[in-house]
Ligand SMILES: Cc1cc2nc3c(=O)[nH]c(=O)nc-3n(C[C@H](O)[C@H](O)[C@H](O)COP(=O)(O)O)c2cc1C
């Protein structure tokens with residue numbers, strides 16, 4: 001059904017128009033409480049074996065929606081109803097900004113990939129806070145991913161992140177500092193430990209000050225050298241962060257023919273994303289929660305990430321190619337596989353193939 005819709009309609013229209021059409025439909029779903037609850041009852045993970053606890057938060061299943069789909073936190077409940085165990089909204093910046101000029105989103109169907117150079121188009125932290133304040137009709141675990149406003153110079157980056165954190169940390173189940181998008185000039189320089197330390201320390205102070213103490217994670221790029229992955233992991237431990245999300249999109253073009261500028265996601269990212277996860281696990285063991293994202297397409301991939309040490313797994317590009325039942329099917333397949341292997345709790349398998 002989705003394959004038909006995709007080939008006959010969605011793949012024929014501009015990718016960003018298709019995205020807005022989809023988000024519009026999901027927003028509509030969010031405004032219909034009866035339908036929303038009925039969809040949630042049918043598709044959200046309910047098998048107790050799938051439940052995960054990480055940094056003090058209860059997740060109904062390990063597979064969630066990665067940042068970038070719901071930039072303005074407009075369809076959190078709809079995505080939760082469709083079966084995502086958590087929804088990471090954003091990237092949100094302190095100030096509203098339009099992002100880069102269109103076209104800025106490109107499908108690569110043969111490679112099951114996407115290139116985007118959206119550039120953090122979003123309505124700003126205030127608008128996102130209002131949107132989040134309106135939700136919670138159906139249960140949803142919400143991560144809030146924050147980034148730097150484009151016009152803010154690097155020297156003032158920490159203050160800009162702090163402004164977003166103050167607005168959004170109290171509304172988030174967890175907060176993510178995104179320093180890894182390739183589409184904001186200079187952003188990824190902030191991954192260098194000497195710049196990252198003061199930035200994360202400042203945001204952590206805000207996150208620690210909320211009534212519930214909001215867990216804090218950092219999201220890193222797949223293009224970091226292995227030693228830099230280790231350095232960020234050591235810093236996260238030193239500062240007492242709750243976890244690391246790996247990875248964002250890549251500026252690499254291995255395995256694809258397109259030379260469009262931007263970040264590449266989907267299948268071509270799979271191997272590097274998994275390698276970064278393994279590297280992180282070897283470095284930090286179970287002292288941090290690792291969230292694996294990049295090229296996850298099906299239950300085999302999720303299983304592999306769990307075994308390699310991820311407690312949570314995310315995806316975005318797969319949604320474009322597999323459609324709205326993607327998360328539901330992954331959780332259903334995972335529950336079946338657990339039963340087949342005699343696994344009753346995901347903690348039994350997380351990190352089992354890690355060194
Ligand atoms: C169109 C698009 C927009 C994205 N926007 C963001 C973003 O705003 N913030 C962020 O942290 N990651 C963003 N990402 C990266 C995803 O969250 C994810 O890390 C990456 O796409 C790899 O996962 P995937 O292969 O499952 O798509 C975006 C990805 C895509 C495809």
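The backbone N, Cα and C atoms fix where each Cβ goes, glycine too.
TrEMBL annotations: computationally assigned, not manually curated.
Note that the structure is a prediction, hence the values are computed from the model and not measured.
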**OP:** According to TrEMBL, 67, 68, 69, 70, 71, 91, 145, 178, 219, 247, 295, 316, 317 bind FMN; so which of 124, 126, 266 is the extra one listed there?
**Re:** 266
Original post:
Where does residue 266 (FMN binding site) sit in DSSP terms: helix, strand, or coil?
Top reply: strand
Subject >> Extent of the FMN binding site in Å [max Cα distance among 67, 68, 69, 70, 71, 91, 145, 178, 219, 247, 266, 295, 316, 317] >> reply: 20
Subject >> Per-residue pLDDT averaged over the domain 'Dihydroorotate dehydrogenase catalytic' (50-338), given as an integer >> reply: 95
Subject >> 71, 116, 117, 118, 119, 120, 178, 183, 248, 249 excluded, remaining Cβ within 8 Å of their centroid (substrate) >> reply: 68, 91, 99, 181, 182, 184, 262, 263
Original post:
Same-chain residues six or more away whose CB lies under 8 A from the CB of residue 178 (substrate binding site)?
Top reply: 67, 90, 91, 145, 146, 147, 187, 219, 248
Original post:
Rounded to the nearest angstrom, how far is the Cα of residue 119 (substrate binding site) from the Cα of residue 316 (FMN binding site)?
Top reply: 17
